[in-house]
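**Student:** According to TrEMBL:
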- E:14-144: domain 'Exoribonuclease phosphorolytic' (DOMAIN)
- E:ARG90, E:GLY128, E:THR129, E:ARG130: phosphate binding site (BINDING)
- E:162-225: domain 'Exoribonuclease phosphorolytic' (DOMAIN)
6 protein chains.
Amino acid sequence: MTSMTRVDGRSAEQLRPVSITRGWLDHAEGSVLVEFGRTRVLCAASVTEGVPRWRRDSGEGWVTAEYAMLPRSTNTRSARESVKGKIGGRTMEISRLVGRSLRAVIDHAALGENTIVLDCDVLQADGGTRTAAITGAYVALVDAVRHLERKGALKGQALIDSVSAVSVGVVGGVPMLDLCYEEDVRADTDMNVVMTGDGRYVEVQGTAEREPFDRKLLDGLLELSAIGCAELTRAQSEALAVDLPAGSAR
Amino acid sequence: MTSMTRVDGRSAEQLRPVSITRGWLDHAEGSVLVEFGRTRVLCAASVTEGVPRWRRDSGEGWVTAEYAMLPRSTNTRSARESVKGKIGGRTMEISRLVGRSLRAVIDHAALGENTIVLDCDVLQADGGTRTAAITGAYVALVDAVRHLERKGALKGQALIDSVSAVSVGVVGGVPMLDLCYEEDVRADTDMNVVMTGDGRYVEVQGTAEREPFDRKLLDGLLELSAIGCAELTRAQSEALAVDLPAGSAR
Amino acid sequence: MTSMTRVDGRSAEQLRPVSITRGWLDHAEGSVLVEFGRTRVLCAASVTEGVPRWRRDSGEGWVTAEYAMLPRSTNTRSARESVKGKIGGRTMEISRLVGRSLRAVIDHAALGENTIVLDCDVLQADGGTRTAAITGAYVALVDAVRHLERKGALKGQALIDSVSAVSVGVVGGVPMLDLCYEEDVRADTDMNVVMTGDGRYVEVQGTAEREPFDRKLLDGLLELSAIGCAELTRAQSEALAVDLPAGSAR
Amino acid sequence: MTSMTRVDGRSAEQLRPVSITRGWLDHAEGSVLVEFGRTRVLCAASVTEGVPRWRRDSGEGWVTAEYAMLPRSTNTRSARESVKGKIGGRTMEISRLVGRSLRAVIDHAALGENTIVLDCDVLQADGGTRTAAITGAYVALVDAVRHLERKGALKGQALIDSVSAVSVGVVGGVPMLDLCYEEDVRADTDMNVVMTGDGRYVEVQGTAEREPFDRKLLDGLLELSAIGCAELTRAQSEALAVDLPAGSAR
Amino acid sequence: MTSMTRVDGRSAEQLRPVSITRGWLDHAEGSVLVEFGRTRVLCAASVTEGVPRWRRDSGEGWVTAEYAMLPRSTNTRSARESVKGKIGGRTMEISRLVGRSLRAVIDHAALGENTIVLDCDVLQADGGTRTAAITGAYVALVDAVRHLERKGALKGQALIDSVSAVSVGVVGGVPMLDLCYEEDVRADTDMNVVMTGDGRYVEVQGTAEREPFDRKLLDGLLELSAIGCAELTRAQSEALAVDLPAGSAR
Amino acid sequence: MTSMTRVDGRSAEQLRPVSITRGWLDHAEGSVLVEFGRTRVLCAASVTEGVPRWRRDSGEGWVTAEYAMLPRSTNTRSARESVKGKIGGRTMEISRLVGRSLRAVIDHAALGENTIVLDCDVLQADGGTRTAAITGAYVALVDAVRHLERKGALKGQALIDSVSAVSVGVVGGVPMLDLCYEEDVRADTDMNVVMTGDGRYVEVQGTAEREPFDRKLLDGLLELSAIGCAELTRAQSEALAVDLPAGSAR
């Protein structure tokens, strides 16, 4: 692993500063403003009784997610998908990824016939929005599950493990952790890894942006991502260790 | 005017605490997080060279706005308009209102063939989201105009006046200023007033939600709204008096 | 008030010739061809048993409206909204306005769980289409309510009052009543006022098209609109005083 | 051919009363209110310079049509296609049929690079709306062509022939001309025939609604339709023989 | 009838080689790859219990069809209708035609409350795709009905007759049977005829592409189509006479 | 690696029978019917001169792909995306994956300003449709590139390497190659691997369907996929070694 300095002065295996602010919204049953450097995602968990039609009378709950970017979260403004009248492929792909990642740590039977929707809205984008979304949404999900617990609406321990995600990539031949946008556009390979708190994989998505990559580079990226996810798991634990203020709506 | 106490302890002619935070985003040419009590709207101004096709070669610029609510800005989650594949009537109506209000204080010839889009995304809703959006968007617009000025892209003084907006309504027979959600649902009449800094009207939109209203009540509401807009004009001036930090992207 | 002559020879406080023809369609429970000068709107009231899902078991009825323009109602042809696959903001805004205006004079409990839809289709447009639509739709609504009454489907007196609407505007500095298209495009301020038969306001929507307006101009416009609505109320009464032909389908 | 009396007292080979009112609209270059009994269709011809992109620089013009029904033209209200966000198959099919029928009598080279759009909006439906639309649209088309002629915008004689259309069907085993709605729903076979003024076929569309039909019935229907189209051709000629009033906008 | 040789060496009254391959798919209850020369359509019949909502509790079944073309079935690639977000008029028109044609030979009461959907996807287009679709879909429909019969789900003999379809047209003044694409684009008149096995008409759709046609040409086309449909009926019978392989999924 | 027998008798590291039929369509510049067991995908390559607007004047070409399933390719019929009016997330995700995979082996500068669209339509689905699509589309792409070469439209060697794809998964704790549908639904982990002919990775997409997976299982899956892709590369070479028949349209 190299110790070459990066655009923002980090070492290759270093995350950007991570900030997880719980209770950022008054209405949602769980809400988190998560920041990976300048990337800023607002995650809101909404609890409703009942499940979608296709899951009714299964005794099991449902967790799903929707990801979106504000038009000016990015460097140049993008048109709203609501105005275009359809959702782009990237948005759908990430929404599905966030949902799958969270469901991997949920015991749906213990959840009972309740639905939790995680809205992940990117307020500012600087690379790694999907991994920040997963990492923050997990914390909002925990608050939503605690809300159900306080109401006596669970049928057991609904959370099996924690889940976090990080991007890794090969920039200038060097594997690097948690790419910012400037690094991301220059990367040969881009990989998003979603891991549980106990260090197993939920998703591994590696893409050769330019040059195909060999097994050795792949191994290097997998190692870096494990370092990053372990650190994010700690940040999630710390954020969740604090009690939310008593007067909070949740 | 009565001095009866309201749900949040205000008097009838009192605004909620107003907060205007400039430079909340790193990429946008102007950005404001505006708060009217618990209502929180993120306003981003995006500058692009050129104008829409129908306005080309007119020598004049264009200012427009898009308003939207995050799914969980409200008490219960609403479906995303991008997912539904179409924009609702209320969203369109407010987007058009915000755009018209800002254009009322713009000298389009002085702006030159530049376009400024104001995105007003409601992060949290507690009544008065459209009036907060107009009030905040004006401040973001000023920063975008200053950005064009620094670039030497203007052909004159593009801002004619300031503009702000406030809601007024009749609750329990009493005209009140700046309704929060709880008051809004109980109001007989609901009115949104958009005024320039010099105290003239840009928009007056009054709706009898239950009982039709007479001229006397209408006059009372108009007076209250003038008080509110004057105070918002002061808050805008104060926010704009400060220099943005040097390292800012704009 | 000035007595300056207008493009069509009217005085400032004079309406265009108003014509209200009931029973213009054979199928609808109420139907009116309303004309304000060359503006021609076909209003059809459709009665159905039952109410939308969200209102079921409330014991209350529902009145709603849809406004649309034929492609060649205007000077140059506009594309059909059905072909474009979405409804424009202006169309939605006016549909919502017409619906709210009619609901203001309906006692929903007396209506019972019945729905009345008012379709207002502009056959020819020459300014004031939304105000003609409201004025005509009210008359069609009365015929639909009478139809329900004859069937014994009402639970009381469903109509509380009458409702009509008129546009006013400032053209060349002079407040004028019931603007035709040629005046409308030259107006500095444009205002639509919806009033009940007893002279109270249902909606007041004033917009500064160019110059913001002051309180004195606003007062002048409000006075003109009261004159216009009073006259429209008389025209509605006269039209409704006549019996529809016996052989009519309703 | 039988002389059995029909629901409205007609003989089998008799059209309903036909009325063709030219100049019904003030803005359109040609406009006709056509009535086949209670069926009432408003046909507006809109002329624009230039042709669609795919036809540019061909030296040839273009004629097209859009057909639609008002929501309450029918016995029970139908949802608007603009609200549903898509056009139904029947609407598209008829729009295409009307366009093809009119193009059959147009010399596109003589028309020059001009476009004429025929909007056929059904105000009231009682069977035969597509045939009334074609018959009326032809007359509006003539007025639009005359408008181009007066402007000197034609390159020759743009109209080759006239065109009209009629429905025929087998009701209770008997071929009948120009079915009204009540007959249409009871018909075994339904056929629409579009013919030129000189008695040749432009379209023949026969459909077995219940029982397949044999050659003999087909021949009977074809004969009836020739009788009907000949009569409609006469009605078109008579309507077109009159001068439109001098003050007309066209 | 002329014996002039055609682009592919056929005589005027000769079909292209017809091939009907049953059981082309493993999952569908009936499936046919039908070929008219180079035109190749995959027809799949899907059986489901129950009927659409509007037909419930009628005791009757429902047969419907959807036609579509693969993007590169044609000479130059066409955009996908799913990507465009709407179905074109031609697609809808043909889907409706195929559905009507099949329903003409179905006894819906005998079918019981079962639905059969026929998907006709054009893999390669060389003229006559709609007639090949109808001819192939009938064979797939028979296999689907036999499937229901084996399951004991029918209430009688669901098939009344067979149905097939062929195109005819006038090319260079000569009526010809079963036009290939090269002939189709040069045809003056284009006609599609759908006939039952006993020689009666289900649909007759003739269109003058250039010159209107007279009764004599129409008669010539009708005779040719009867020759073609009779031959297709024989091809259908032969294909259906064979047992499908035992190991087949159906 | 286990040698346990699978549902279809294969060993864990064995592919299903692979069949690659070139020239299956007459119009497309390249076309392949690819079969992985019962999975059957039709891949058509369409060449057009020029590139999308955003790439113009870059001197570089563009390769893209669209994936779709026929409604009855699956066990039970799915609704058409064209009828639903929008494309699902899975379809978009796979279309994007196929496009990226093919672009990884294209030298866009050598391609010149030409566009190649690969349409991958699943005629029958039995697991592994996306990997069959990539594997078949590559062969169709080669034929399209050869077509450009014969026309002298290339600026160099446009193909850098070959590309193929295979699925691997953990079923009953055992890593297995090329899952059929029955195995796929029972798999704990599902992984799709896209590799170049020289054995490097283009895409690695692993998803824990039930239990998160550890590094050891991941390594096992990566090894299996390398075996599969090597074999598919051989099958592609063999298919491409043969000359297409002389009379072919390409």
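Glycine is treated like the rest: Cβ placed from N, Cα and C.
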**Student:** Residues with Cβ closer than 8 Å to the Cβ of E:GLY128 (phosphate binding site), same chain and 6+ apart in sequence?
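**Tutor:** Listed in sequence order, they are E:ARG16, E:PHE36, E:THR39, E:VAL166, E:SER167, E:ASP178, E:LEU179, E:CYS180, E:ASP184.
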**Student:** Would you list, in sequence order, the residues of this chain other than E:ARG90, E:GLY128, E:THR129, E:ARG130 that have their CB within 8 A of the centroid of the site's CB atoms, where the site is the one recorded for phosphate?
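**Tutor:** Sorted by sequence, the hits are E:TYR67, E:ILE94, E:VAL122, E:ALA125, E:GLY127, E:THR131, E:ALA132, E:ALA133, E:ASN192.
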**Student:** Which residues in the same chain, at least 6 apart in sequence, have a Cβ under 8 Å from the Cβ of E:ARG130 (phosphate binding site)?
**Tutor:** E:TYR67, E:ILE94, E:LEU97, E:VAL98, E:ALA165, E:SER167, E:ASN192
**Student:** Per DSSP, to which secondary structure element type does E:ARG130 (phosphate binding site) belong, with helix, strand and coil as the options?
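**Tutor:** For E:ARG130 (phosphate binding site) - judged by DSSP and reduced to three states - the answer is helix.
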**Student:** Hey, what's the Cβ neighbour count for E:ARG90 (phosphate binding site) at 10 Å?
**Tutor:** 14
**Student:** Just checking a number: largest C-alpha distance across E:ARG90, E:GLY128, E:THR129, E:ARG130 for the phosphate site, rounded to a whole Å.
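**Tutor:** The phosphate-binding residues span at most 13 Å between Cα atoms.
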**Student:** For E:THR129 (phosphate binding site), which residues in the same chain are close in space, meaning a Cβ under 8 Å from its Cβ, but six or more apart along the sequence?
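**Tutor:** E:THR39, E:VAL41, E:TYR67, E:MET69, E:ILE94, E:VAL122 - these are the non-local Cβ neighbours of E:THR129 (phosphate binding site), listed in sequence order.
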**Student:** What three-state secondary structure does DSSP assign to E:ARG90 (phosphate binding site)?
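**Tutor:** Note: E:ARG90 (phosphate binding site) is helical by DSSP.
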**Student:** When DSSP states are grouped into helix, strand and coil, how many residues of the domain 'Exoribonuclease phosphorolytic' (E:162-225) land in each?
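**Tutor:** In the domain 'Exoribonuclease phosphorolytic' (E:162-225), the DSSP-based counts are 17 helix, 30 strand, 17 coil.
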**Student:** If I take every residue in the domain 'Exoribonuclease phosphorolytic' (E:162-225) and average their pLDDT values, what number comes out?
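**Tutor:** Mean pLDDT across the domain 'Exoribonuclease phosphorolytic' (E:162-225) comes out at 95.
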